[in-house]
Amino acid sequence: MSTDRGAGGTTPLTKSLLTDRLDLLRLSAADRRVSGLLVLVHLWAAAVPALTAVATGWLVAGLTGAATGRQTVSAVAWPLIAVSALLVADEILTSLGRTLEQYNAGLIDARIRRRVRRLAMAPSSMAHLEDPVFADEAARASDVGEGRVRSPGTAAVGQLRLCFRFLGALGSAAVIAVSFSPWLAVVLLVVCAVNRALIRRWWVHLAEVRDERESMRRRAEYWSDVASTGPAAKEVRLFGLHEWVVRRRTHELLAWAETIWSARREILRQQGWIALLAAIAAGSALLLPGLAAARGDLSASALMTVIVAAWGVFQIASMGREAFDIEYGLGAVRALERLNTTQHGIATSAGTDVQQAGEPSATPEEGAPATLRTEGLVFAYPGSQHRVIDGLDLTVRSGEVLALVGHNGVGKTTLIKLLSGLYLPTAGRLLVDGRPLDAAGASAWRKRVAVVFQDFNRYPLSLADNIALSAPEHRHDKEGIRAAARRAGVDVLADRSPDGYDTLLSADRTGGTDLSGGQWQRVAIARAVFAVEHGRDLLVLDEPTAHLDVHAEARFYRQVVAEVTGATVVLISHRLSTVRQADRIVLLEAGQVTEQGTHRELLDDGGEYARLFRIQAARFTDTGPRTGEKEAAR
Ligand SMILES: Nc1ncnc2c1ncn2[C@@H]1O[C@H](COP(=O)(O)OP(=O)(O)OP(=O)(O)O)[C@@H](O)[C@H]1O
């Protein structure tokens, strides 16, 4: 994903004021009925200031008339009822409006989050999910942050409210124009609009500062999670890290907050301009009609009408959170647009899954397990220049069991992610059944692959569901689930639990239980076996015996790998006892194949594989430790 976005990985928040506003208004119409009701409530709210001004003037006229004995009691009662009714109705409708706004904002936010999820799932490979720019933009767009300060929904409903507030100010200005002076009405409107524009500019600046610091906030949140969530809690307690983690979190949080507060302090320093403009507006609204009344050119009732109406005009210069909600939430909308453009770019530059999934490149040859060939394959992780895979040429024949071995970090897992279509090569080609695999075919290809990753998932579901998840359309195949469980050696778990295959594998759910690391690994193997039994024709096993005891490891090849008939198998293991029976063993070094052959051939060659094997074997012989240590030291 491109990072060419200026500071903080963002484009400027404003594209065009009008387009921005229209985008937000469109967004606010997420649900026609709710937004229709909101419009009615806002219309009422817009009319209230002008109506209150007129009713107050009427009340004052009634009161002064009653005082001089020229008016009856009803001349005071009716305007009093009108003013009270306006106030009560305003209270009720304001509460209703707030509830509707919250509901509408929730609908809009949920819709945006769904779009972000779709965008995250859209590209063929998963490289973008490890891209910090994508992570920041997704966080900006879907407001996953603490306190929900950035919400497209809040921005959209705020924008709708603001439009009607302007309408209300126009209504109040019209009352001033009719009751006193069109000039005063215009001046008040202009001064308040300028005031608002100044405030808005500062909020935009603050929103940009927050945007640029998004990754700082994510770091602080990470340490919050470490301090309080389950997976890290064991180590945090055991190593007594709690205070250190809290200090680290506080440090990160303060560093982030300081940048925001310094922007806020800057804004506060400039508030003098706002105060001056507000003083001009308030002064002219009170002074000019006041002087006219003193001269006898304006009645007391008209004076009150003008003053109350002026209050209505001031509403558009208000300093409330609304401006921040709008500007900051708008940043979320812009982030969504950027995600849209970039993800669409990725999809279209390589062809979208939707358009081209199932292209011939990923079509299996008549019933035969997959054949894979890499030609000059190169891969570097996003944002890194380091070629983890560096010009790799390898053929995996249909139906063979190929083992990948090599030192830590040479790129074995990376290679199987490429072979499985999870990443696309930086250069070179991967051919599946003789045809080049591109983004278009990757999605269809992945449907032919079953993988047990080193960091396999542990789903808080039943044992049966944990196995059947690899082919959910066959989850009613009870016999298939049992067969996969038997081969992976997890049938004993079902046998000794009263709930059998319905046993819930989650200790934090009522009636649930947890498994050991080795038992979970067997469940992951059963899951992959189940997928192969339902048609997947490449089985990839990354360190499948890492958690298994010696008995289970010894049985693994015989019961799982040797039993696979309809699939090609790629197996990674540091335990050379696990891979020695493979049809072919490939040694990777520095992202390339440096040795390959059967176990016997590689031992006879006396290369690096033979050396590694001797080190491991020596550990189990009497004279072993010394020989092994010497070998390791070489
Ligand atoms: N998501 C990632 N982003 C950037 N670099 C990565 C990423 N994952 C792995 N790497 C780097 O790629 C290199 C190869 O990693 P890989 O996991 O493929 O090695 P491996 O051979 O499977 O190692 P091991 O035997 O320890 O499992 C390492 O140098 C690692 O630091």
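Please read every residue number as a count from 1 along the shown chain.
Glycine too: its Cβ is placed from the backbone N, Cα and C atoms.
Just so you know, TrEMBL annotations are computer predictions that nobody has curated.
As recorded in TrEMBL, the features of this protein are as follows:
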TRANSMEM  34-60  transmembrane segment
TRANSMEM  166-194  transmembrane segment
TRANSMEM  273-292  transmembrane segment
REGION    348-368  region 'Disordered'
DOMAIN    372-615  domain 'ABC transporter'
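Listed by sequence, the residues of this chain that lie at least six past the ends of the transmembrane segment (34-60) yet keep a Cβ under 8 A from its Cβ atoms are 28, 76, 78-80, 82-83, 86-87, 89-90, 93-94, 96-97, 100-101, 103-104, 107, 157, 160-161, 163-165, 167-169, 171-172, 174-175, 179, 300-306, 308-309, 311-312, 315. Sequence-distant contacts of the transmembrane segment (273-292) (same chain, six or more residues past either end, CB-CB distance under 8 Å): 180-181, 184, 187-188, 191-192, 194-195, 198-199, 298, 302-303, 306-307, 310, 313-314, 317, 319. Confidence across the domain 'ABC transporter' (372-615), taken as the mean pLDDT and rounded to a whole number, stands at 90.
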